Structures are given as structure tokens and as C-alpha cells.
Amino acid sequence: MIDTHDITGLILAGGRGSRMGGVDKGLQNFRGLPLALHTLMRLQPQVGDVMINANRNLAAYESFGVPVWPDGLADYAGPLAGFLTGLERCETPWLLTVPCDTPLFPPDLAARLAQAAMREGADIAMAAAPEADERDGTVRVRTQPVFCLLRVTLLESLVRFTQGGGRKIDRWTEQHACAVVPFDQPGDDPHAFYNANTLAELHALEGLGLR
């Protein structure tokens, strides 16, 4: 069993926000709070500690009361750069990554990923959720690679991968024992993994999960 206090949560807020017009996603308003602060409040009960990966407006993120770390890799290198920063700074055996733009993620995310990691003896546990195919509307369960529980012993592997130019999460995770955890059970929120790439999508999310 993985104890809650053996997991550090990492909020990924280091992106460019290009599809939001270049704004800092994590600081956009969601139900009266900055999006990253809402994410922090949802994540904190699930883990022992939380930190934020951000690359601008660091003082604003620091005001949330948790450590804030920028990417070590240059030029907004993507989520794996955040993974790398988190693994470098993590002081617990496990790191749980959560993006700042998916505010309805499950309240039992950490517990279910941890159970799967232990059950399968995996180094990584990754969430999966139903998604409609844009072409034909068919609903399939797809992995959500930014929602990952990682052993901190994977740091050396990720350093090698990124130094070799690797930037895609799935290309790295497929090198390791990875448990995939589908969040498609009765009672699971079908909107839990909806993310906001635009301000319109963010406003639409505000009305979900309240009914």
C-alpha cells in the first residue's frame, strides 16, 4: 500500500497557453479562484505535499503557499519538462502529476493510481478516460498521460530521455512498467478529464459537475 504521505502532487502550470491567446492558464478565473489554486485545493487532500511547476508569474503562484519550480529545460519544452522538474525536487517515493487546466479531475485520483501501481508492481500508473472520437463520435477509453503517478527512481531515466531530445510522454512511459487505470466506472464523473484549451472551454467547464 502507498500511503498518502508518500506521494507529492505536482501541478503542471508551465505551458505557453497558446490556444488561450498566450495568457497564463493557471491564473485564469474558475469559479472565483485562479485555476491553479482550484486545482491545488482539489489535489491537497489526496497527497502529502504539493508543488507547482510554472515558468512565469512565479510570485503569483508562490502566493498559494506551496513551492514553485520553473522548468530546467529551456523554451517551454512541454509536460515532460515539468515531470523532470518534479522528480528532481520530489522528496517522497512517488510523484503525482496533474495539469492545471483540468479542474474536475477525480477526488480519488491518487488512491486509484496508487492501488494499481502496487497491484501491478508498476513504476508508473496512468489515468485513462472515455473520449469521443472527433471523426465518428465513437467513445473510446484513452490514456491521459499528464495524469501520472511516478516512482521518483525514474529520474535518471527521464534525464537520459530528455537529454536525447525526447519530449513525448508516451514515448518515455512505454519504456517502463505502466499500469493504466480507466476512470469509466459507475459513479465516475464523465467530465472529470475535460480540459480547457480556450477561455470559452474554461467557461463551459464552470457549469459542469455542479448538477
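Cβ atoms here come from the backbone N, Cα and C positions, even for glycine.
Under the heading GTP binding site, Swiss-Prot lists Leu12, Ala13, Gly14, Lys25, Asn53, Asp71, Asp101, citing sequence analysis as support. What Swiss-Prot records for Asp101 is Mg(2+) binding site.
Annotation note: Lys25 (GTP binding site) sits in a helical segment as assigned by DSSP. Taking a C-beta cut-off of under 8 angstroms and a sequence separation of 6 or more, Leu12 (GTP binding site) has the following same-chain neighbours: Asn53, Pro79, Gly82, Thr97, Val98, Pro99, Cys100, Val146. Between the binding-site residues Ala13, Asp71, the minimum number of other C-beta atoms within 10 Å of a residue's C-beta occurs at Asp71. Annotation note: Asn53 (GTP binding site) sits in a strand segment as assigned by DSSP. Counting Cβ atoms from all protein chains shown, Lys25 (GTP binding site) has 27 others lying within 10 Å of its own Cβ. Across the residues the record lists as binding GTP (Leu12, Ala13, Gly14, Lys25, Asn53, Asp71, Asp101), the two Cα atoms farthest apart are 18 Å from each other.
Within the same chain, residues at least 6 positions away in sequence whose Cβ sits under 8 Å from that of Gly14 (GTP binding site) are Asn53, Ala54, Asn55, Pro70, Asp71, Tyr76, Ala81, Gly82, Thr85. A simple way to gauge crowding: the CB of Asp101 (GTP binding site) has 25 other CB atoms within 10 angstroms, across all the protein chains here.
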